[in-house]
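Listed features, source TrEMBL:
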ACT_SITE  A:ASP163  active site, proton acceptor
BINDING   A:GLN38, A:GLU113, A:ASP145, A:ALA146  S-methyl-5'-thioadenosine binding site
BINDING   A:ASP93  spermidine binding site
DOMAIN    A:9-246  domain 'PABS'
There are 2 protein chains.
Amino acid sequence: MPIEKASSNIWLTEYLSEGEIYQYLISKILLQEQSDYQNICIVELENKSKALILNNVLQSSTADSHMYYEPFIHVPFIHNQNPENILILGAGDGSSAREALKWKCVKKIKIVEIDKAVITSCMAHIPEMSKGCFKNSKVKIDYLDARIFIKQDEQKYDVIIYDLNLKTLEKSNLLGRIDKEFLLDCQSLLKKNGYMCLEIGEVPYQRNELFLSKLNVFKSVFRSLKIFSSWVPSRCKNISFVLLSKDKIIETIPIYDVNLLLEKQLLDEPSFLNARTYIGLMNPAIFIQDYEK
Amino acid sequence: MPIEKASSNIWLTEYLSEGEIYQYLISKILLQEQSDYQNICIVELENKSKALILNNVLQSSTADSHMYYEPFIHVPFIHNQNPENILILGAGDGSSAREALKWKCVKKIKIVEIDKAVITSCMAHIPEMSKGCFKNSKVKIDYLDARIFIKQDEQKYDVIIYDLNLKTLEKSNLLGRIDKEFLLDCQSLLKKNGYMCLEIGEVPYQRNELFLSKLNVFKSVFRSLKIFSSWVPSRCKNISFVLLSKDKIIETIPIYDVNLLLEKQLLDEPSFLNARTYIGLMNPAIFIQDYEK
């Protein structure tokens with residue numbers, strides 16, 4: 001495949017595993033800076049989309065942000081049915097708050113972000129991600145470490161979205177690792193019928209003891225757990241999320257009810273997930289069903 | 001991610017698009033030969049799996065062959081409910097026939113393969129793919145061009161599996177391109193309630209006129225079409241398949257019926273797809289639902 005017309009020859013390289021490399025062509029660097037916490041880079045890719053890169057790991061792209069954030073936000077919201085008070089740990093480019101604001105019932109969104117530079121950089125260079133959400137009157141931002149925030153917060157939430165990329169956390173000095181103590185603190189902030197949701201990367205398709213032990217930490221704190229996955233082209237991965245609840249999670253909410261709920265709640269047409277897609281996400285491959293047990 | 005312990009430094013490189021490269025580490029080359037039709041390569045990958053590579057394009061790997069072939073074969077079989085007579089165009093490494101033979105009701109499988117060298121090489125170097133299927137008494141192999149075969153064949157089939165990789169076809173001199181004439185010939189070989197199924201690569205997530213025009217060729221010959229997708233790690237892609245029928249395809253067969261059918265029919269436990277997974281596959285993202293219309 002010739003790249004005769006390519007506008008640059010800058011390839012960003014990521015190791016997907018020890019034996020796999022994924023490289024993508026960057027046509028233009030829009031911002032490159034070192035904040036107090038991490039390396040922030042905003043680029044234009046060869047397909048004309050823009051992407052946020054933190055510590056050399058691509059976080060999201062304007063081309064397929066909806067393929068990541070619609071499942072991530074709407075699945076826990078569908079299960080809660082009437083989410084009013086939302087906590088988002090990690091502001092990122094604003095995509096999670098943007099999706100949350102599509103729900104009529106949402107009254108308050110608290111964003112906790114340690115690195116103000118991420119928000120200001122994204123607002124300046126990729127405002128199409130946040131779509132003004134950081135300025136929305138329902139949204140309040142606390143510039144604080146998530147781990148400290150959850151120790152001192154006294155509010156209760158319907159949904160907690162943990163939107164910090166684990167791979168980036170490993171590479172940086174940020175706190176906020178997910179351990180039992182952290183999960184217990186989060187769980188204590190959930191209202192009745194509350195849900196916590198977070199990304200868990202790509203689920204290993206062969207039985208993997210390390211991955212199982214990580215899931216067991218979730219299972220030791222929350223009564224039930226569901227895994228759903230979405231193919232995210234710019235990450236070159238089938239990204240999985242875990243939905244956590246103190247109560248038993250209904251395996252699949254009937255399609256008719258989901259249809260009614262989305263029609264009633266959504267202020268904006270979804271572009272990735274409707275009631276049928278939700279049913280699809282809730283019914284994964286056998287190896288994922290086995291991990292849920 | 002350090003690769004200090006890597007057993008080799010041979011990286012096979014594929015362009016996923018003009019701005020994306022996927023490379024994987026090959027620890028050992030088991031076979032490399034030029035047949036009358038194509039370049040055949042069988043390798044061991046860094047994750048210890050073995051893979052078949054035709055004309056420099058990875059076709060399948062022993063690690064995740066089930067993630068590709070269980071959906072590919074079992075979905076059309078589930079829709080037919082009682083597939084007895086099967087036509088497979090392109091033998092590959094034998095995975096498609098292996099999956100088809102798991103169904104009790106299957107009486108005859110005809111494989112059409114132009115390149116005998118693919119079969120003999122795979123039988124010698126990756127027999128764990130075919131699991132003896134090429135020697136099974138239900139299986140007959142015709143060494144012939146698929147396009148010529150379907151012009152002269154007089155049998156009728158319950159399911160036709162088109163298992164020739166389109167990307168490989170483009171790179172080789174093989175005939176068998178999918179055009180209206182070819183599809184009409186295939187359609188005429190289908191019994192009542194018959195299905196044809198083939199891979200269509202990765203479905204573009206943004207509206208794509210070229211892709212739509214390809215789908216329209218299918219729609220001009222078959223009455224209905226369904227698209228389902230499976231993440232295949234060794235291909236580093238979310239691979240989609242298209243299910244074609246002269247009749248109206250039932251949107252989703254009820255989970256209870258699929259459960260009963262699989263219990264009655266399967267000689268071997270599936271490792272990727274059960275009734276729940278089938279429901280998941282039938283309910284894709286909105287952009288795929290739109291292509292199906």
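Every residue gets a Cβ built from N, Cα and C, even glycine.
Keep in mind that what you see is a predicted model, and the values were worked out from it rather than measured.
A straight line from the CA of A:GLU113 (S-methyl-5'-thioadenosine binding site) to the CA of the residue listed as 'spermidine binding site' spans 11 Å.
Note on A:ASP145 (S-methyl-5'-thioadenosine binding site): other Cβ atoms within 10 Å of its Cβ, all shown chains, come to 18.
Taking the Cβ of the residue listed as 'active site, proton acceptor' as reference, residues of its chain lying under 8 Å away and at least six apart in sequence are, in sequence order, A:PHE72, A:ILE88, A:LEU89, A:GLY90, A:ALA91, A:GLY92, A:SER96, A:LEU198, A:GLU199.
Distance noted between the C-alpha atoms of A:GLN38 (S-methyl-5'-thioadenosine binding site) and A:ASP93 (spermidine binding site) is 15 Å. For the binding-site residues A:ASP93, A:GLU113, counting C-beta atoms within 10 A of each C-beta gives the highest total at A:ASP93. A Cα-Cα distance of 17 Å separates A:ASP93 (spermidine binding site) from A:ASP145 (S-methyl-5'-thioadenosine binding site). Per-residue confidence over the domain 'PABS' (A:9-246) averages out at a pLDDT of 92.
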